[in-house]
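Each remark here refers to the structure printed beneath this line.
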Amino acid sequence: MGKLKERIQAFVNNRWLVFVAAIWIQSCAGIGYVFGSLSPVIKRSLNYNQRQLSKLGVAKDLGDSVGFLAGSLSEILPLWGALLVGALQNLIGYGWVWLIVTGRAPVLPLWAMCILIFVGNNGETYFNTAALVSCVQNFPKSRGPVVGILKGFAGLSGAILTQIYTMINFPDQAALIFMVAVGPAMVVVALMFIIRPVGGHRQVRPSDGLSFTFIYSVCLLLAAYLMGVMLLEDLVDVSHTLIIIFTVILFLLLVAPVVIPVKLSFSDEPKDLAVEEVLLPKPEQQEAGKSEQDEVIFSEVEDEKPKEVDLLPASERHKRIAQLQAKLCQAAAEGAVRVKRRRGPHRGEDFTLMQALIKADLWLIFFSLLLASGSGLTVIDNLGQMSQSLGYDNTHIFVSMISIWNFLGRVGGGYFSEIIVRDYAYPRPIAMAVSQLVMAVGHVFFAMGWPGAMYIGTLLIGLGYGAHWAIVPAAASELFGLKKFGALYNFLTLANPAGSLIFSGVIASSIYDREAEKQAHQHLIPPQISGSIFSGMFAVDEPLKCEGSICFFLTSMIMSGFCIIAGVLSLILVYRTKTVYANIYGKSRT
């Protein structure tokens, strides 16, 4: 009995259980990705035009990205308290929107609706912060794969919620808003006490590689399964019973990762203590072996070493740097050289947010993210209108598909960028540049409106956009350290709503409404009354609607050009950080 109790306690405190619970929370946390399905309902119920709807989209993006309050509260409150605050915000914000859309509450002005959308979506920042903080602390040497997987499931949540909505088969489309308000809050409240640091750096096992492989396998299987189910439901008239079976299988795939903590806690696999000690040295041992003068000398080496040293093979490069450091140490001890005092950290060391803000590297990441990720978010927010303008009636299929591709982009972005840095010691931002060029091609497909272009464009934009959110957090932690990672990450996420404000709130909505007005005057209003008071009556009866590829042609081409500019900025960052990545990852290859 005592042994069973011990194993249950080990299960509760297992870092893989925390990781799996974080995956489940993230699976319903990306509620912003369902906005493409919610927006037509809100637009029709409240008689909004595209510009008004775009303002709601910008409010949603701000709610997604403004995480300073979540970061601050997570330092004051326990993580379960931060999760509870996020769940309440999600419930109140979207719950009130549902009451208004269904006529159960009075209609509020647009600015008040923007606040409700912001509050509802801002709950997601608490879910993200708690999940990332707990798992990065529990997996300090695997933050790339962990961040990629967690952010990937957040991107997949749109497809998961849509499939559950299809199974429940509500006759009223507004019920999707109700499900978005209640569903995530219930899941978070059920799991909030599991999400916490559990000293994961002391739980390293030789089987961890296999565990990550299993998680990646589940990710790929889940994405392929959801894609197949969504296409089948779109192309064939599937019975409701079959939809229920599909959804049950979906739940089984989501539950599957819990096998890992169960096996580790209830099996007799021995721990390899030596691996634990090598993987994460004790902080006091690290501090004891590093003096202030050593740090100053290392700083001086970076300034004094010849540029050709960085072009040498890794083993020779480290040998030359060690020789130079020894000479500087001896010269400093004899008084022959006066070593400069450091004025701040160098790339790869721990920065505060204020220290990072004066570095060009941070602004290169920020503006590259603003241009590329902002354009991707504009597509996600306007996907309902884009598909309707091209003659597609079922907008849910594209919302689900972009969620799946977004998921694969995040998981794949983390996986392949990790190969680039670990196997080749090459800067991670090169993966970001590739994803931005992929997005540029995707925008061209949306602009042209060819047959099947919605499917290809959704694929390319989803993969490219998703990859950013696995690559950027890892690159920021490598260049600016982990000590203030939360503040740095929340600052960079502000690029998302800033880009969306420019592309969606200004460019896309203005062009869409202009084309819709042209079509309204050409087709809806008879020529003999086009200049009379009746023309205003036609505009009031229903929101302006644009049809054809012309609606988003110019917007998509503009965004394609900006994605190319973003790729150039990322390549500049690659050039500037070659030495940093060679120093960080070149050592592990020698």
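Numbers here mean position along the shown chain, with the first residue as 1.
In case you wondered, yes, glycine gets a Cβ from its N, Cα and C as well.
Over in TrEMBL, the protein carries these features:
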type: DOMAIN; residues: 15-262; note: domain 'Nodulin-like'
type: DOMAIN; residues: 357-519; note: domain 'NFD4 C-terminal'
type: TRANSMEM; residues: 16-41; note: transmembrane segment
type: TRANSMEM; residues: 62-83; note: transmembrane segment
type: TRANSMEM; residues: 95-119; note: transmembrane segment
type: TRANSMEM; residues: 149-168; note: transmembrane segment
type: TRANSMEM; residues: 174-198; note: transmembrane segment
type: TRANSMEM; residues: 210-232; note: transmembrane segment
type: TRANSMEM; residues: 238-260; note: transmembrane segment
type: TRANSMEM; residues: 362-380; note: transmembrane segment
type: TRANSMEM; residues: 395-417; note: transmembrane segment
type: TRANSMEM; residues: 429-448; note: transmembrane segment
type: TRANSMEM; residues: 454-476; note: transmembrane segment
type: TRANSMEM; residues: 552-575; note: transmembrane segment
Report summary line: If you count CB pairs under 8 A between the transmembrane segment (395-417) and each of 62-83, 95-119, 210-232, 238-260, 552-575, the winner is 210-232
**Report entry** Stretch-level contact, the transmembrane segment (362-380) and the transmembrane segment (552-575), CB cutoff 8 A, at least 3 pairs
**Finding:** yes
Report summary line: Sequence-distant contacts of the transmembrane segment (429-448), meaning Cβ under 8 Å and at least 6 residues beyond its ends, amount to 365, 368, 371-372, 375-376, 379, 386, 409, 413, 416-417, 420, 454, 456-461, 463-465, 467-468, 471-472, 475, 549, 552-557, 559-561, 563-564, 566-567, 570-571, 573-574, 577
Report task. Residue list, the transmembrane segment (552-575) vs rest of chain: Cβ under 8 Å, 6 or more residues beyond ends. Result -> 361, 364-365, 367-372, 375, 378-379, 382, 385-386, 389, 426-427, 429-430, 432-434, 436-437, 439-441, 443-444, 446-449, 464, 503, 507-508, 511-512
